[in-house]
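Novice: Below is a structure I'd like to ask you about.
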Amino acid sequence: MKALARLIVGLLILDAAVTAPTLESINYNSETYDATLEDLDHLYNYENIPMGRAEIEIATVMPSGNRELLTPPPQPEEAEEEEEEESTPRLIDGSSPQEPEFTGVLGPQTNEDFPTCLLCTCISTTVYCDDHELDAIPPLPKNTAYFYSRFNRIKKINKNDFASLNDLRRIDLTSNLISEIDEDAFRKLPQLRELVLRDNKIRQLPELPTTLRFIDISNNRLGRKGIKQEAFKDMYDLHHLYLTDNNLDHIPLPLPENLRALHLQNNNIMEMHEDTFCNVKNLTYIRKALEDIRLDGNPINLSKTPQAYMCLPRLPIGSLV
């Protein structure tokens, strides 16, 4: 048995020796093995390797093109929901914003088919139409609060020019050619605070709203019948009343208690009564608010009626001779 075992071992050793590779079959780079130690750094200098294409590090396995991603693709329903979320903007509370309503960004059309805010200048709730050679009030946006149309050629104010403008607070039509105003042109404006109509040709004032605080109708043609009786009586918030350079022959009475300034210079006022400003039945009455009265340029002698000023904090400005 020992002889048989030795025979088998010998055959295995012989087979291994026969199948072993010879030196001629080994391929190697002789230049590398013949290099000196000083040249080895040059052979393995990676800084000089061109970077024009991507390099693969040793022991790094590139994923094959057929390899499936670990994250499964979204289901059809989920994909539709994601698309809807991306296309529809959401508010903080998760609701969808309302579609904006466009009601004429440039305002209503004028008679020349131009939007008012293209012909004029609209800034927030203020409309400026100064010096545009307008001959009529243009249609105004509903939210207009302040309207300026100075230095134009407007001749008439119609009752519908400011209709339904419930937020209108100031109207300034200085230096036009206005000679006629419809009776209801201003009366139905619930928020009107300031009315400026100076430098026009107005002969008759229409009924005005009691909400007015500032009125300037200077340099017009108001005469004896130009202002209605008790026109300013119920204007409890009226502070300034300017009627200079007209043809008035009397002071329009009664005047509001809170009036601060009354300018009537350069009219035709010839007389004044003791109760024009004061209460003759109450000698202790003092009219504290009315500090600015201008009567200069009128044919009136203020010295003839001294009792008319006893309740005033300051004497009116005017002729004393």
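Every residue, even glycine, has its Cβ placed from backbone N, Cα and C.
So Swiss-Prot lists these for the protein:
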{"type": "CARBOHYD", "residues": "THR60", "note": "O-linked glycosylation site"}
{"type": "CARBOHYD", "residues": "SER64", "note": "O-linked glycosylation site"}
{"type": "CARBOHYD", "residues": "SER95", "note": "O-linked glycosylation site"}
{"type": "CARBOHYD", "residues": "ASN282", "note": "N-linked glycosylation site"}
{"type": "REPEAT", "residues": "167-188", "note": "repeat 'LRR 2'"}
{"type": "SIGNAL", "residues": "1-19", "note": "signal peptide"}
{"type": "SITE", "residues": "ASN301", "note": "site 'Not glycosylated'"}
Novice: Can you tell me how far the Cα of the residue listed as 'N-linked glycosylation site' sits from the Cα of ASN301 (site 'Not glycosylated'), in Å?
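Specialist: Cα of the residue listed as 'N-linked glycosylation site' to Cα of ASN301 (site 'Not glycosylated') measures 25 Å after rounding.
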Novice: Across all chains shown, how many C-beta atoms besides its own are within 10 angstroms of the C-beta of ASN301 (site 'Not glycosylated')?
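Specialist: Total other Cβ atoms inside 10 Å, all chains included: 14.
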Novice: Could you give me the DSSP helix, strand and coil counts for the repeat 'LRR 2' (167-188)?
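Specialist: Residue counts in helix, strand and coil order: 0 helix, 5 strand, 17 coil.
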Novice: When you measure from the Cβ of ASN282 (N-linked glycosylation site), how many other Cβ atoms are you left with inside 10 Å?
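Specialist: Summing over all protein chains shown, ASN282 (N-linked glycosylation site) has 9 other Cβ atoms within 10 Å.
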Novice: Within the repeat 'LRR 2' (167-188), what mean pLDDT does the predicted structure show?
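Specialist: Its mean pLDDT is 98.
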Novice: Does DSSP put the residue listed as 'N-linked glycosylation site' in a helix, in a strand, or in coil?
Specialist: coil
